[in-house]
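Residues annotated as ATP binding site in TrEMBL: GLN107, LYS123, THR222, LEU223, TRP224, LEU225, GLU294, ASP309. Here TrEMBL flags ASP142, ASP309 as Mn(2+) binding site. If you look up TrEMBL, you'll see 188-397 marked as domain 'FAM20 C-terminal'. Per TrEMBL, active site is recorded for ASP289.
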Amino acid sequence: MKLKQRVVLLAILLVIFIFTKVFLIDNLDTSAANREDQRAFHRMMAGLRVELDPRLDHTLQSPWEIAAQWVVPREVYPEETPELGAVMHAMSTKKIIKADVGYKGTQLKALLILEGGQKVVFKPRRYARDYVVEGEPYAGYDRHNAEVAAFHLDRILGFRRAPLVVGRFVNLRTEIKPVATEQLLGTFMTVGNNTCFYGKCYYCRETEPACADGDIMEGSVTLWLPDVWPLQKHRHPWGRTYREGKLARWEYDESYCDAVKKTSPYDSGPRLLDIIDTAIFDYLIGNADRHHYESFQDDEGASMLILLDNAKSFGNPALDERSILAPLYQCCIIRVSTWNRLNNLKNGVLKSALKTAMSHDPISPVLSDPHLDALDQRLLSILATVKQCTDQFGPDVVLVEDRMTLSHL
């Protein structure tokens, strides 16, 4: 065979090899990832219902020690959590040994210390389940049941970035007042036959207390993240101005995402994809109030965006605030794993899954039916938005493979 023919043959073989690598091997890798996403979805569905059970037969650790060990830079709790029911049972029943005003913020809350030294944040009930919050999408008081529902949605979406939340009934007269600090105790009052308190916060007013039904108050309890994981607060790049007539840049600049991609920590690492995951999460729950977000300190953009403070959610089931999705439709990228999970949840699966996941909670039913119906409708809007992106830019640009190994050593 002549030298020229050999060169041509080698060139043809090289092209075939490259084709095989790019189009066959990579496709096999993608198929394997998709199959793993499918298996993860089925595992999630099988473990949806969490019975609140105090037993921890296989360990001598306390529920608080177990939950603290779950936390790693990319998730608050692991996929497999056989102890979750015991931890949540402890959150909803352990004796309260101290009660204080909540950490700084705009909304009423109380900081409780439970037996064993565990901090939790208590948010009181302000509305009936069927109450519709009118006005701006971030209007109204915090909704305690929204915190519970958001936690379980986080489980269903497979993000695992929201601290544990469970509903709880507390007796303000016998459980809170005897162990309350003077600062908290000074905000208690009686309205009619009901015990009430108004706490200390930016919007806390003596004229707007939260009131129990007699002495019994319904609320949510959020598990405090371990002190060994200090938080860093960041301004959300798609945050609102909260000023009438003044728009944020993202609200009028369609190329805004291009500018975000050039700034740290969004120019590399997982943070921008976390922002888009969070936009999807917030759109589903109707939360237009994420003006800031938290991550772990000194992470250089590598740790997760933690889904804290989800109580400005589930206010109006008839309001679909599309602007919450701006990071998605302006950047037109989404994790493949998120896209796969969303597709698995369509056709009524999301509503059914969330209803099942919340059925064990002490304050069940957590959401009214209109809010559950709204979730399925909003999911369709998200899927349609991604399709618009893929039609415009192609799936290879829009669907981003980003699977980070999580360690629980």
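Just so it is clear, glycine is given a Cβ too, placed from its N, Cα and C backbone atoms.
Confidence annotation: the domain 'FAM20 C-terminal' (188-397) carries a mean pLDDT of 96 in the model. A C-beta separation below 8 Å, combined with a sequence spacing of at least six in one chain, links the residue listed as 'active site' to PRO137, TYR138, LYS312. Most Cβ neighbours within 10 Å among the binding-site residues GLN107, THR222: this distinction goes to THR222. In this structure, of the binding-site residues LEU223, LEU225, the smallest number of CB atoms within 10 A of the CB marks LEU225. Taking only the Cα positions, the spacing between GLN107 (ATP binding site) and ASP142 (Mn(2+) binding site) is 7 angstrom. The distance from the Cα of THR222 (ATP binding site) to the Cα of ASP142 (Mn(2+) binding site) comes to 13 Å.
Counting only same-chain residues at least 6 apart in sequence, those with a Cβ under 8 Å from the Cβ of ASP309 (ATP binding site) are GLY105.
Taking the C-alpha positions, the distance from TRP224 (ATP binding site) to ASP142 (Mn(2+) binding site) comes to 18 Å. Here the Cα atom of ASP142 (Mn(2+) binding site) is found 17 Å from that of LEU223 (ATP binding site).
For GLU294 (ATP binding site), the Cβ neighbour count at a 10 Å cut-off comes to 18, with all displayed protein chains included. Other Cβ atoms within 10 Å of the Cβ of ASP142 (Mn(2+) binding site) number 26 in total over all chains. Shown in sequence order, GLN107, LEU108, LYS109, ASP142, HIS144, GLU147, GLY219, SER220, THR222, ALA311 are the residues of the chain, 6+ apart in sequence, with a C-beta less than 8 angstroms from the C-beta of LYS123 (ATP binding site).
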